[in-house]
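Trainee: One structure coming up, written as structure tokens, with questions to follow.
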Amino acid sequence: MSEQVGQREAVDSPQATGVKTPPEPCPLCRETGPPQPPSITEEGKTNEDIDFIWVACNKCDEWYHSACLFLGDEKWRGTIPKEIISTVETNFGDEGAWTNWVEWIGKWYCAPCLARSTSPSNPRPPRHPLVATMKRASIQPKDIDQAGKPLKRSASTSAPLLKSNIKRPRTSTKGQETASPEIDMKSEREQQAESTAGTPASDAPQGRPKRKTAQIDYRNLNNSIATPTHQWLELIADPEKYGRTILDANYPALPGKLLTRAWLESQPLPGQPSSISPDLLPTRFWGPDREPLIVRPENGGFSSLGGHLPSKDLTVQDVANLVGPDRMVDVIDVSSQHSSQWTLQKWAEYIQSSSGNTSVRNPKVYNVISLEISGTELAKKVKPPKIVREIDWVDNFWRFSAGAGGKDVKEKGRGNDSRESSEIRKEGSHLTEGDNAGGEIEEDLEGLKEKTNTPYPKVQLYCLMGMKGAWTDWHVDFAASSVYYTIHSGAKVKLSCFVSFFSPGSYHSQVFFFVKPTEQNLKAYAEWSGSYEKQQDTWLGDMVDEVRKVELHAGDTMIIPTGYIHAVYTPMDSIVFGGNFLHSYNVDTQLRLRQIEIDTKVPQRFRFPMFDRLCWYVADKYCSDLRHLRAYRPRATTTPKPPHFRVLQCLSYLANFLVSQTGILEDPEAEDKARKLVHDRIPGDIVKDPEGLAKELKWRVERELGALGLLGEEASGVEAEEFKSNGTANGSVKIKGKEVSRKRDRLSKVFDKKAISRTWDFHPPAWSENRQSPQIETTTVQLPRPSTSSSDAISGSGPGASPGASANGGANENEQAELTTMLVKQTRKRMRELDDGTVIEESQETTFVEKKTVWGPKLDKEKISQPQGKVEEDMDIDH
């Protein structure tokens, strides 16, 4: 192939042949070649004299003639923005297709890519619809003048490539172009050198300037920057100017020592008295009115939470050294919202050059929000708060495999038991940084994480580094996971020549904007996040009930509860440590956000990693605990306590979710892709019988809730013997054939049984009826005579039709007729008294009206009448 291309290049070269080479066709060209402008025959030109402009699809990189697009059918012409089409036709007429209107295009997509993006068969549709865009909001007069100028052809015969065979890509720069696929391309450096040597400066190719168009940043959807930043910064700076209201949150600060799992589970059962102060209720974290928890330095700071941070003189260069200078990290350009990968060393050097100690600060504002540091030297200097470690699903339920010579999965599961029990024994005490209690257990867990040879969700340790002016748009953390967030204290200038990330005495803060996760607000967020247009031009605060603002300073720590919608503004350079965690106190919201992510087509790689698999681990562990809770212990001196009622309520949601997942596996009408997806996310090494585990968990949870009086008696009265017919969670009972089907049918009836109403034996008192005698009134009226045919009666002719209507569509004269109206009223009433003295009276009233109109041949002489008694007899209606 390379030899053929080289031969063609030699033959086509003007140096070799002295003849013109026909232009390269595009996929839309006709068999006769590219389209010719109307003036080509008048001026005596040929097709080889025309410089065809090329445009590439931003999705598939396929190249097309701009003229072929403009002159194509509606499918292809419709890919061009309408404003461009109207401007070209208005200013250039028939010659417009050959003008350089491509210069006005920002992003463009070909028809096949547009069709595929909306096709139901596309397994991975785009997050937002593909739409062609323009460089500017409107086309300026200078743009029109520039587009009408002809592209000059080089007069030099030493040009290495014919200009007619050169594509002008949408990202090409002046003096650099990309040859067509049929020409053997030299290296970029050689081509630039030859172009400089052989092409006059005045004849240099006029390509489009290179630019990076603003795009949605999917790499960091958890903290995405998906909208134009500048307008939101202006809005939050002066909300009143734009007619908006942002309230101060004024969330009360809490003492750090209070935040433990024991505090979360100190809420008594509904209806029972509580001795907890209203400001310290644990429902502030997991209740319907939950709100962010803030711990200030005066309340004990991060250390009082049982956490640990690096020393205060930590710099970005230190972060790079501890994590690895060559570690790649996603760096977000806040202004263009474009994400690119840098090494940490490059990031540290950029921050150093942008420090307040330098004379000139870099104008570009960047943000790093996705640096996960697990398994690094920096991770050894960071410990999450105790409450996070106590309730985090990953730490407490994930099955880590240590590999050869290490603990197996079952031993890790027993390690969970011992770790949790030891934490429960110490729940009344607080661990300071110097305490070693429980240290061996935590070290074992960290050792398992380091030695594991299987992936696990690494979301608990993040280092975030933001420059002044950074903005993180509205988002809910993946799977509605909770977040702990602490601002590292300001660094001092080192004695060495290195310039610190922070200038001395700088004021470090973060401003959070919160929207409460109510049902309506979550619906509004789902609508906003699922619409590219609304993310671009709609302030989410306009779609929700209210927006509240919280400002954090260096040393402050905040724990954001499940499902909170929030945005973040960084007014000063900052280093932040934080992480995400799932827990058992808001499972319903976590599952709800999982569904929102599916509905809004969030790519799987931007959701909580291995979420479904983690749910199965949680279900297996809790089901085992509930099974042991009811086990007979002949030598036991104490009785184990069931999980907190809030945990049981949330486990009910989890069980229903897992039952629905197994339902997909059992559904023969479900798509194979959906069934395989569910199957692959079940940890088969632990969960041998997914359906049995899900239903057993549902049954055991409902039994415990019933014992606490939080469920109907029927729901908690399912006998264990009935459940055992389906086997244990490990599938120890194996039954084949019809017996399995028969027992499953019986089980489904048990679990699908509806609770009987508490008023099933209630007999209300009888009604006392009062029926009035019919009231009959006869009057003489003037109405047109209706048609007696059935078709006309159906079409509306008759007394109810418009006056003057007749069978033939004409107008009849009014005739005298007799109208008889009968009115019947019936009322009934009943009254009962409850045990507490409440009296309830119910009444009903029914009115029946019947009308009859009679036309006669001689109404003016002979009155058509009927004895009143007979009419009443015929019309009497028995209710």
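In case you wondered, yes, glycine gets a Cβ from its N, Cα and C as well.
The region 'Disordered' annotation in Swiss-Prot covers 1-45, 117-212, 407-449, 763-879. For 23-116, the entry in Swiss-Prot reads zinc finger. According to Swiss-Prot, the compositional bias 'Basic and acidic residues' annotation covers 183-192, 407-433, 848-864. Summarising the annotation, Swiss-Prot assigns domain 'JmjC' to 416-598. Look at Swiss-Prot and you will find THR472, LYS492 tagged as substrate binding site. If you look up Swiss-Prot, you'll see HIS475, ASP477, HIS566 marked as Fe cation binding site. Residues or ranges marked as compositional bias 'Polar residues' in Swiss-Prot: 769-782. Annotated compositional bias 'Low complexity' per Swiss-Prot: 786-818, in sequence order.
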Trainee: Among THR472, HIS475, the binding-site residues in question, whose Cβ has the most other Cβ atoms within 10 Å in this structure?
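Mentor: Max Cβ neighbours within 10 Å, all protein chains included: THR472.
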Trainee: Taking only same-chain residues 6+ apart in sequence, whose CB is under 8 Å from that of HIS566 (Fe cation binding site), what do you get?
Mentor: TRP474, HIS475, VAL476, PHE512, PHE513, PHE514, VAL515, ILE560
Trainee: Looking at the domain 'JmjC' (416-598) alone, can you tell me the average pLDDT?
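Mentor: Averaged over the domain 'JmjC' (416-598), the predicted model reaches a pLDDT of 77.
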Trainee: What are the helix, strand and coil residue counts for the zinc finger (23-116) according to DSSP?
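Mentor: Residue counts for the zinc finger (23-116) by secondary structure: 42 helix, 11 strand, 41 coil.
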Trainee: How many neighbouring Cβ atoms, not counting its own, are there within 10 Å of the Cβ of ASP477 (Fe cation binding site)?
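Mentor: Looking across every protein chain shown, the total is 22.
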Trainee: Reported in the order helix, strand, coil, what are the DSSP residue counts of the compositional bias 'Polar residues' (769-782)?
Mentor: 0 helix, 11 strand, 3 coil
